[in-house]
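Student: So TrEMBL says this about it:
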type: DOMAIN; residues: 41-290; note: domain 'G-protein coupled receptors family 1 profile'
type: TRANSMEM; residues: 26-48; note: transmembrane segment
type: TRANSMEM; residues: 60-79; note: transmembrane segment
type: TRANSMEM; residues: 91-120; note: transmembrane segment
type: TRANSMEM; residues: 140-158; note: transmembrane segment
type: TRANSMEM; residues: 197-216; note: transmembrane segment
type: TRANSMEM; residues: 237-260; note: transmembrane segment
type: TRANSMEM; residues: 272-292; note: transmembrane segment
Amino acid sequence: MEAENTSHVSKFLLLGISEDPTLQPFLFGLFLSMYLVTVLGNLLIILATISDSHLHTPMYFFLSNLSFVDICFTSTTIPKMLVNIQTQSKAITYAGCITQIYFFMLFGVLDNFLLAVMAYDRYMAICHPLHYMVIMNPRFCMLMVLMSSIVSALHSLLHSLMVLQLSFCMELEIPHFICELNQVVLLACSDTSPNVMVMYFSVVFLAGGPITGILYSYSKIVSSIRAISSAQGKYKAFSTCASHLSVVSLFYSTLLGVYLSSSITHNSQSTARASVMYSVVTPMLNPFIYSLRNKDITGALRRFFQVKL
């Protein structure tokens, strides 16, 4: 195919989840509703943890950071999708596409790291309760979030800069509702082997590392809980990490489902529909998972609104 220099590429076309015009009003309403629920739910979590001094603990510090990242994660993609549906345009500028790649990967990887950090927090609380407050001090908690953010930012910057070096063909249609890195690389006419190699290394180290840490933490947690003699003690210990375990299971199962569906169907738009689960549905459900059976969160919100009213 005829190659086109990146300096001449002005835009890409996002084909979205469906090209059926009759479905667009329904999709607009659906994604607007999910986005508003995501933002409101996660803002309430942040509000609860900030306003109540009882929630100024490592667990809720990491939870508020996770909620903030989830808001940013969905805000990277959904508003642009809604604008395109409303204006009946599929276009995204070249600069806008690169920017979306950067921030989508930044917050996606940071989400991954925060889930691993939260697993470590639960491991320390259950397996080493006497040393918990000494080790998980505010400075160390801030350092873990800061290091996770720096690594995520550098990783996203590397991929974005590598995409900038690519030359693209005249075919610039992306069968997705976002500028997904893999789909953009597939459109290139120049050599993409360095990009593919870096993507594989990223999956191994930046996804495999946190997953390994989470599995190790929970293997130790299960061993510690089994060693507790009383049923009430076991229930209390398990209940402190049940919400996090639910979020981890949801996040990684949906990610796994996306990649399994893409390898089986080889249909890019089917993959785009499946990716809605981890990029939109999971951030929307996280506040419900953490608050439905969490008396600390619901109590903090109740007290906050009682004071305001």
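Using the three backbone atoms N, Cα and C, a Cβ is placed for every residue, glycine included.
Keep in mind that TrEMBL annotations are predicted by a computer and have not been checked by a curator.
Each of these features: where is it, how hidden is it, and who are its neighbours?
Tutor: Long-range contacts of the transmembrane segment (26-48) within the same chain: residues 16-18, 55, 63-64, 67-68, 70-71, 74-75, 78-79, 81-82, 85-86, 280-281, 283-284, 286-288, 290-291, 297, 300-301, 304, each at least 6 residues beyond the stretch ends and with a Cβ under 8 Å from a Cβ of the stretch.
Counting only same-chain residues 6+ beyond the ends of the transmembrane segment (91-120), those with a CB under 8 A from a CB of the stretch are 6, 9-14, 59, 62-63, 65-66, 69-70, 72-73, 76-77, 80, 84, 144-145, 148-149, 151-153, 155-157, 159-160, 163-164, 178-181, 184, 206-207, 209-211, 213-214, 217-218, 244, 247-248, 251, 279.
Sequence-remote contacts of a segment are chain residues at least 6 beyond its ends whose Cβ falls under 8 Å from one of its Cβ atoms, and for the transmembrane segment (237-260) they are 59, 111-112, 115, 118-119, 122, 125-126, 211, 214, 218, 221, 224-225, 228, 271, 274-275, 277-278, 281-282, 285-286, 289-290, 293-294.
Here the transmembrane segment (272-292) has long-range neighbours at 16-17, 31, 34-35, 37-38, 41-42, 44-45, 63, 66-67, 70-71, 73-74, 77-78, 104, 108, 175-178, 180, 243, 246-247, 250-251, 254-255, 257-258, 261-262, 298, 301, meaning same-chain residues at least 6 beyond its ends whose C-beta is under 8 angstroms from one of its own.
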Student: Let me spell it out: take the transmembrane segment (197-216), skip the flanking residues so only those 6+ beyond its ends count, and list any with a Cβ under 8 Å from a Cβ in it.
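Tutor: 109, 112-113, 115-116, 119-120, 151, 155, 158-159, 162, 181-182, 185, 248, 252.
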